[in-house]
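**Q** Here it is, the structure, as structure tokens.
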Amino acid sequence: MSDKIYYVPSEWAQKAYVDDAHYQSMYAASVNDPHAFWGEHGKRIDWFTPYTKVKNTSFDPGHVSIKWFEDGITNVAYNCVDRHLETRGDQVAIIWEGDSPDESRNITYRELSSEVNKLANVLRNRGVEKGDRVTIYLPMIPEAAFAMLACARLGAIHSIVFGGFSPDSLAGRVADCGSKCIITADEGLRGGRKVPLKANVDAAIAQINGGVDHVIVVRRTGGKVDMLPGRDVYYDEATAMVTDECPAEHVNAEDPLFILYTSGSTGKPKGVLHTTGGYLVYASMTHQYIFDYHPGDIYWCTADVGWVTGHSYIVYGPLANGATTLMFEGIPNYPSVSRFWDVIDKHKVNIFYTAPTAIRSLMQAGEEPVKRTSRSSLRLLGSVGEPINPEAWEWYYRVVGEERCPIVDTWWQTETGGILITPLPGATKLKPGSATRPFFGVMPEVVDAEGKVLEGACEGNLVIADSWPGQMRTVYGDHERFEQTYFSTYPGKYFTGDGCRRDADGFYWITGRVDDVINVSGHRMGTAEVESALVAHPKVSEAAVVGFPHDIKGQGIYAYVTLMDGEEPTEELRKELVGWVRREIGPIASPDLIQFAPGLPKTRSGKIMRRILRKIAEDQFESLGDTSTLADPGVVEDLIHNRQNKRDAAA
């Protein structure tokens, strides 16, 4: 835990929407009278029929029900496109930066309107109507945003499947939600490599024996693909046959907007269901206040639209606010490790939102690739996806932002729809590694294992005591699983699945998933804490920590460590790291086993697959489960070969 504090400079407080006093009064109003607070802020989007009911929610066991603005009628595409046409039709809505630096495209709000309406007409002509599900399996190209908004325009429900998922994973998701139409591309491009998207779609449909009537194929690479007459059509040919006028369907606030599948701790992926009104109000409001978005800013979130961050903070939040949002097809280190910083300079990006794993991997390459670029346009930095260790936070602040850009370290989940705990740049002093304070209307509590609410400075499990507008409504087709997963552990409260520490200032520090907690000799140890200690060592680039069975302690600590470029793994360094962690946290946190690894198993979105690391640490690598989402499967073979916990020396 870092004890450094960065106070809010007066220029941040003066320029931002909210300073500390304003935050305190708005937050108090939001939790003391949520009906009045959200009744007012719900008006930030346009309604065809204004709501008269604001909040109708229950977390009671057996009666979990979440409704916001339930009698209001609106349309998400209308709010993200049409309502901007009169005042900013010629403003750029989407800057697209391709995988290759010589490909980019600017799309104005007027052009966006035309593209969305044409695709909506293509879908409607193929029988897609309100309530139908459409699966989107596309790379990070503008058509992904067009497809989302075209579905929303019709009141259809989109289910985006990340382009890195295998045909098996795609098939499961298509079958679960009953999609009748899939929008895909011939191939994707990522880091100069082609991804066979259309071939994957064909393989997925073959697995589920029909049900998919239409496949719309964007020509991204021009690669040759099989096209089934009557089912498959090229996007450009279909949109050339229709007009660019399509009325926006009148949609109830509680009608579904999208399903997004997220991994469950057990069983098949959960279809997280988000609805229309509350979700858009929350995505829009959090985007404005947390990123301090002002008209004219160029905003870039580096996520993929296949993840919730891409839904809320590339497409829906920014476009609802009339922003200019940047979509990036590529990866941080292609064609060079300066790519992020080159894109920032090329497009004069003001607000930059990325993941700690990207920051750590770029740290590994040193400061020179950053410092050879200007980055003078940057005003604010953000972090999302996992707790950011203080060392990476400090590097991001010092090297990337040159100590002039606040960092918003945002905590939220697929299930929450938008950011729940975060600094506000003009209001919140910053502590490296802390997500700081709750956003308006969010009521976090820290509870012990029995569910007792802890007061003051404490450590325990993070729950949310009451609903907020962006909250998921159910697991698609399985409300019982929704209640069981999120509301049964601590009845009457939403259980986040994360551990949390609250300090004397009331700031929240996310300590990692509760299933990423190791119990060492009866002491609970958050893996994120041990990882932070390891990564604070100057020779360590990245670390992942898991538990493994230990005869005496119950669980031991197994650390996978990736070193900085040029550093050699030695027995001396191994001992040095054990001593380092002992000093940083205490003897209880000493790693029992340290495995030096050239890389860690990550999904294509950059998340470390800890499940695989746990299996290898337990010497159970024969049953690694689904590894189809791995960015580099070769990493796993190296980890297995060099594992430190072999059952016998000859293994």
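Using the three backbone atoms N, Cα and C, a Cβ is placed for every residue, glycine included.
Feature annotation from Swiss-Prot assigns CoA binding site to ARG190, GLY191, GLY192, ARG193, THR309, ASN333, SER521, ARG582; the stated evidence is sequence analysis. For GLY385, GLU386, PRO387, ASP409, THR410, TRP411, TRP412, GLN413, THR414, ASP498, ARG513, ARG524, the entry in Swiss-Prot reads ATP binding site. The Mg(2+) binding site annotation in Swiss-Prot covers VAL535, HIS537, VAL540 and rests on sequence analysis. The N6-acetyllysine feature in Swiss-Prot is assigned to LYS607; the stated evidence is sequence analysis.
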**Q** Relative to the Cα of HIS537 (Mg(2+) binding site), which of the binding-site residues GLY192, THR414, ARG513 has the closest Cα?
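**A** Comparing Cα positions, the candidate nearest HIS537 (Mg(2+) binding site) turns out to be ARG513.
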**Q** With the Mg(2+) site defined by VAL535, HIS537, VAL540, which remaining residues of that chain have Cβ atoms positioned within 8 Å of the Cβ centroid?
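**A** Counting only non-site residues, the set is GLU391, ALA533, LEU534, ALA536, PRO538, LYS539, SER541, GLU542, ALA543, VAL561, LEU577, TRP580.
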**Q** Tell me which of the binding-site residues GLY191, GLY192, GLY385 sits in the most Cβ-dense spot, judged by other Cβ atoms within 10 Å.
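**A** Result of the Cβ crowding comparison: GLY385.
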**Q** Report the same-chain neighbours of TRP412 (ATP binding site): residues 6+ apart in sequence with Cβ closer than 8 Å to its Cβ, ordered by sequence.
**A** VAL384, GLY418, ILE419, LEU420, ILE421, THR422
**Q** Which whole-number value in Å describes the distance between the Cα atoms of ARG193 (CoA binding site) and THR410 (ATP binding site)?
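**A** For ARG193 (CoA binding site) versus THR410 (ATP binding site), the Cα atoms are 31 Å apart.
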**Q** Nearest of the binding-site residues to the residue listed as 'N6-acetyllysine' by CA-CA distance, picking from GLY192, GLY385, ARG513, VAL540?
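**A** Of all the candidates listed, GLY385 is nearest in space.
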**Q** Return the residues near ARG190 (CoA binding site) by Cβ distance under 8 Å, restricted to its own chain and a separation of at least 6 in sequence.
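**A** ARG190 (CoA binding site) has long-range Cβ partners ASP99, PRO139, GLY163, GLU329, GLY330, ILE331, ARG604.
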**Q** Can you tell me how far the Cα of ASN333 (CoA binding site) sits from the Cα of GLY385 (ATP binding site), in Å?
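**A** If we compare the Cα positions of ASN333 (CoA binding site) and GLY385 (ATP binding site), the gap is 19 Å.
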**Q** In whole Å, how far is THR309 (CoA binding site) from GLY385 (ATP binding site) when you measure between their Cα atoms?
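**A** If we compare the Cα positions of GLY385 (ATP binding site) and THR309 (CoA binding site), the gap is 8 Å.
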**Q** Between GLY192 (CoA binding site) and VAL540 (Mg(2+) binding site), what is the CA-CA distance rounded to a whole number of Å?
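**A** That comes out at 28 Å between the alpha carbons.
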**Q** Which of the binding-site residues THR309, THR410, THR414 has its Cα closest in space to the Cα of VAL535 (Mg(2+) binding site)?
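**A** It is THR410, whose Cα lies nearest.
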**Q** Report the same-chain neighbours of ARG513 (ATP binding site): residues 6+ apart in sequence with Cβ closer than 8 Å to its Cβ, ordered by sequence.
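**A** Those within reach of ARG513 (ATP binding site), by Cβ under 8 Å and sequence separation of 6 or more, are GLY497, ASP498, GLY499.
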**Q** Long-range same-chain neighbours of ARG582 (CoA binding site), Cβ under 8 Å, sequence gap at least 6?
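**A** When sequence neighbours closer than 6 are ignored, ARG582 (CoA binding site) has ALA589, SER590 within Cβ distance under 8 Å.
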**Q** At the Cα level, what's the spacing in Å between THR410 (ATP binding site) and THR309 (CoA binding site), rounded?
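**A** Between the alpha carbons of THR410 (ATP binding site) and THR309 (CoA binding site) there are 11 Å.
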**Q** When DSSP states are folded down to helix, strand and coil, where does THR309 (CoA binding site) land?
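**A** Its secondary structure by DSSP: helix.
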